[in-house]
Amino acid sequence: MVKETKFYDILGVPVTATDVEIKKAYRKCALKYHPDKNPSEEAAEKFKEASAAYEILSDPEKRDIYDQFGEDGLSGAGGAGGFPGGGFGFGDDIFSQFFGAGGAQRPRGPQRGKDIKHEISASLEELYKGRTAKLALNKQILCKECEGRGGKKGAVKKCTSCNGQGIKFVTRQMGPMIQRFQTECDVCHGTGDIIDPKDRCKSCNGKKVENERKILEVHVEPGMKDGQRIVFKGEADQAPDVIPGDVVFIVSERPHKSFKRDGDDLVYEAEIDLLTAIAGGEFALEHVSGDWLKVGIVPGEVIAPGMRKVIEGKGMPIPKYGGYGNLIIKFTIKFPENHFTSEENLKKLEEILPPRIVPAIPKKATVDECVLADFDPAKYNRTRASRGGANYDSDEEEQGGEGVQCASQ
């Protein structure tokens with residue numbers, strides 16, 4: 001048992017109707033009562049009712065709720081909550097699904113215009129400190145002379161050919177299907193109005209709009225991120241009966257030579273010498289704030305290649321919550337050149353540094369004594385190519401793989 005049968009009765013189908021039967025019933029009602037075919041108020045009301053009924057009964061989830069709880073149950077389940085008031089918004093969408101694009105009349109009431117989007121480029125320093133830019137915008141505004149009418153007061157008449165819609169519909173029947181095509185009115189050229197040439201506004205020549213150049217101050221706030229939007233509400237092009245869209249500036253962060261950004265944090269790759277890495281010392285870096293940071297490494301703390309450390313509060317500003325992110329330091333170690341010191345000094349290093357790790361080789365294993373040679377990518381690419389192998393892309397790949405010369409013992 002269903003709680004209510006109202007929507008079924010409107011479409012003239014039983015409560016056991018299939019989806020196909022409901023669709024056919026709505027199609028029949030839409031053809032009969034659509035405002036473009038039947039302009040009477042009674043037909044308009046019946047079309048709204050049929051559209052609301054089909055909106056519910058064509059959706060399995062909404063239909064199930066309606067069957068169990070009636071219209072009251074739909075108000076809490078994203079349903080219509082009764083018939084929609086005013087206009088033919090969603091009913092027209094359903095109608096167009098059956099009969100092709102252009103089934104609906106032009107939407108009533110003011111429409112929203114398109115947004116105007118621009119990219120604003122900013123360096124990491126500018127995103128840290130903030131920046132204000134003055135940008136010129138060429139936009140369309142309502143004519144000040146005629147206040148957007150296009151002519152003298154009382155001289156603008158509604159186009160009788162399209163009934164002020166600016167569009168016309170052509171209906172064709174192709175077999176059992178009806179197709180409707182929407183075209184621009186050839187009398188008013190889509191404006192919906194007729195203005196006698198002698199009464200046209202001399203400033204805009206009846207176009208109702210004119211061009212204006214406006215300067216906008218764009219504030220890039222400290223801590224803004226790549227892709228963030230700065231919106232000027234209602235500053236896009238104006239047109240009669242149109243709500244102006246927005247002017248939107250999209251922040252584009254330029255790459256930095258020293259820093260990378262990770263959310264509110266900054267990442268910096270610091271190269272230090274081997275002595276500083278193992279015995280402590282200092283290094284310095286120029287921060288995006290413009291200040292220099294002197295960073296100390298405590299003696300006794302060993303910095304390994306690729307190790308990461310953090311300096312708290314030296315990242316990017318955090319706009320919503322205040323404070324700053326962190327500065328993450330990733331270390332690379334600059335090793336000395338070959339033969340940088342004497343054998344005597346190397347022996348002293350042996351006494352200072354932890355003992356060497358002795359390789360563990362099984363007693364009965366066959367041992368080859370090998371010597372490392374410098375790796376030359378060009379040389380080994382030629383060798384591999386002659387064997388049909390792949391080339392090395394860089395000297396960072398497979399380091400030393402074929403740079404070992406062995407002599408059997």
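Each residue, glycine too, has its Cβ placed from N, Cα and C.
Not measured: the values here are computed from a predicted model.
Looking only at the region 'Necessary for HAP1 repression in the absence of heme' (1-172), the predicted model's pLDDT averages out at 78. Positions annotated as region 'Necessary for HAP1 repression in the absence of heme' by Swiss-Prot: 1-172.
Per DSSP, the repeat 'CXXCXGXG motif' (143-150) is made up of 0 helix, 0 strand, 8 coil. Annotation comment: Swiss-Prot describes 143-150 (among others) as repeat 'CXXCXGXG motif'.
Mapped onto three states, the DSSP output places C201 (Zn(2+) 1 binding site) in coil. Among the features that Swiss-Prot reports, Zn(2+) 1 binding site is placed at C143, C146, C201, C204.
Its Cβ taken as reference, C159 (Zn(2+) 2 binding site) is surrounded by 18 other Cβ atoms within 10 Å in the chains shown. Annotation comment: Swiss-Prot describes C159, C162, C185, C188 as Zn(2+) 2 binding site.
The repeat 'CXXCXGXG motif' annotation in Swiss-Prot covers 159-166 (among others). Residues of the repeat 'CXXCXGXG motif' (159-166) grouped by DSSP class, helix first, strand second and coil last, total 0 helix, 0 strand, 8 coil.
Within the chain, the repeat 'CXXCXGXG motif' (185-192) has long-range Cβ neighbours (under 8 A, six or more residues past its boundaries) at 150, 158-159, 161-162, 164-168, 208. What Swiss-Prot records for 185-192 (among others) is repeat 'CXXCXGXG motif'.
Taken from Swiss-Prot, the feature ubiquitin cross-link covers K198, and the record attributes it to a large-scale study or a structure entry. Here the Cβ of K198 (ubiquitin cross-link) has 8 other Cβ atoms within 10 Å, regardless of which shown protein chain they belong to.
Remote same-chain partners of the repeat 'CXXCXGXG motif' (201-208), defined as residues 6 or more beyond its termini with a Cβ less than 8 Å from a stretch Cβ, comprise 142-146, 148-152, 191, 195, 239-240. Taken from Swiss-Prot, the feature repeat 'CXXCXGXG motif' applies to 201-208 (among others).
Annotation comment: Swiss-Prot describes F335 as site 'Involved in dimerization'. Annotation note: F335 (site 'Involved in dimerization') sits in a coil segment as assigned by DSSP. Proximity of F335 (site 'Involved in dimerization') to non-local residues of its own chain (separation of 6 or more, Cβ distance below 8 Å) is seen for L274, given in sequence order.
Annotated region 'Disordered' per Swiss-Prot: 382-409, in sequence order.
The feature S-farnesyl cysteine is assigned by Swiss-Prot to C406, with experimental evidence given as support.
Positions annotated as cysteine methyl ester by Swiss-Prot, on the basis of a curator's inference: C406.
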Proximal but sequence-remote residues of the same chain as C204 (Zn(2+) 1 binding site) (Cβ under 8 Å, at least 6 apart):
C143, E145, C146, G150, E210
Count, for each of the binding-site residues C143, C162, C185, C188, the other C-beta atoms lying within 10 angstroms of its own C-beta, and report the residue with the smallest count.
C185
